[in-house]
Amino acid sequence: MLAVHFGAGNIGRGFIGSLLSQSGYEVVFVDINDELVRLLKEKQEYRVIIADENRQELLIRNVSAVNSQTEREKVIDYITKAHLITTAVGPHILPAIATILAEGLQKRITINKTPLHIIACENMIGGSDVLKSHVFEKISEADKPLFEKYYGFLNCAVDRIVPNQKHDDPLSVVVEPFFEWVIEKRNIIGAIPPIQGAHFVDDLKPYIERKLFTVNTGHAIASYLGYYKKLQTIQEAMCDQEIRSDVEKALHESGAVLVKKYGWNENEHQSYIQKIIQRFINPSISDEVVRVARSPIRKLGANDRLIGPATQYYDLFGQVPHGLVKGIAALLLFDYENDEEAVALQKTIQETGVEGALYQYSQLEKDHPLVIAIKDQWQHLK
């Protein structure tokens with residue numbers, strides 16, 4: 001079996017590529033990083049180190065790579081032969097890979113009519129739907145029914161902390177022990193693709209929201225409060241009792257939303273929250289506060305990790321979620337000068353105030369009780 005994976009970065013190698021290799025696939029990575037592509041071609045293997053007290057090492061074999069800029073025809077050829085296509089390139093790169101993917105899929109239809117699944121493993125909601133829409137922009141109306149017939153774009157939720165890192169061997173990658181890869185069955189054509197460790201479900205939305213409103217919410221709040229207290233890593237932040245208490249408070253609020261919406265068992269969800277907290281304090285993973293805090297404007301989105309659970313909490317319970325509000329206020333103070341969004345956010349706040357920023361980025365009306373509470377907390381933290 002052949003899997004073509006777009007994105008040879010740490011998540012691609014340490015999470016998706018690793019699981020695909022362990023599932024029996026030959027994995028061909030597609031990337032534009034010359035050095036990574038050269039090393040993967042040369043060595044055809046790499047190490048994945050599990051970040052726990054045992055430091056277990058997995059040797060991932062039967063891998064190769066191609067450069068999508070200089071070896072375009074090879075990429076297209078691999079797409080025509082693939083049994084599975086996956087991506088881990090970042091949401092903003094999906095439009096860039098759509099052209100070559102569309103080209104490869106068009107050629108494949110003429111020579112190989114075996115159904116094929118494409119899974120965008122990105123930290124976003126509906127990543128494969130987004131990729132499909134970009135691909136469909138590149139093809140003719142006549143080809144669209146054929147693409148619908150033979151190509152299943154499967155949405156998924158992925159969760160594994162893979163921090164920034166440097167090693168003597170550039171291919172080695174350290175990952176946390178925990179991982180979750182949940183794939184929606186809705187667009188499967190024929191047989192379910194064999195992927196060891198993946199979990200196939202009928203409805204992905206509860207899993208996406210559970211991850212977004214727990215892992216991403218907690219991670220974000222730890223990072224912004226950590227930055228506020230001038231701490232360097234998420235682990236340092238979570239060892240600060242005040243920050244840990246604030247994070248737990250916010251996760252109980254977002255958890256109340258999830259339990260109410262999906263009818264989950266409250267005790268089971270509290271256990272999930274504690275599992276997530278333990279991941280954040282894993283001493284074997286050093287995750288920089290400024291990495292986790294990056295792109296604050298995107299994270300202020302109306303349906304994203306902070307505003308999403310906060311507005312839903314207010315709508316469901318008629319109360320202000322003070323843990324989430326404190327996290328949002330800390331985000332509004334994130335002024336890291338090497339982050340373009342942080343710089344732009346501070347400029348917006350200076351020009352239009354906190355109310356203007358929340359209206360522009362979060363679609364919250366200026367007299368909304370959440371806006372009033374966030375501004376009060378922001379002034380208190382300042």
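All residue numbers here begin at 1 and follow the chain in the order shown.
Each Cβ is built from the backbone N, Cα and C atoms, and glycine gets one as well.
Annotated in Swiss-Prot:
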| type | residues | note |
| --- | --- | --- |
| BINDING | Ala3, Val4, His5, Phe6, Gly7, Ala8, Gly9, Asn10, Ile11, Gly12, Arg13, Gly14 | NAD(+) binding site |
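Everything Swiss-Prot records as a feature, shown here on the structure.
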residue: Ala3; record: NAD(+) binding site; Cβ neighbours (10 Å): 26
residue: His5; record: NAD(+) binding site; Cβ neighbours (10 Å): 28
residue: Gly7; record: NAD(+) binding site; Cβ neighbours (10 Å): 25
residue: Gly9; record: NAD(+) binding site; Cβ neighbours (10 Å): 18
residue: Ile11; record: NAD(+) binding site; Cβ neighbours (10 Å): 23
residue: Arg13; record: NAD(+) binding site; Cβ neighbours (10 Å): 28
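According to DSSP, Arg13 (NAD(+) binding site) sits within a helical segment. When secondary structure is read from DSSP and collapsed to three states, Ala3 (NAD(+) binding site) falls in the strand class.
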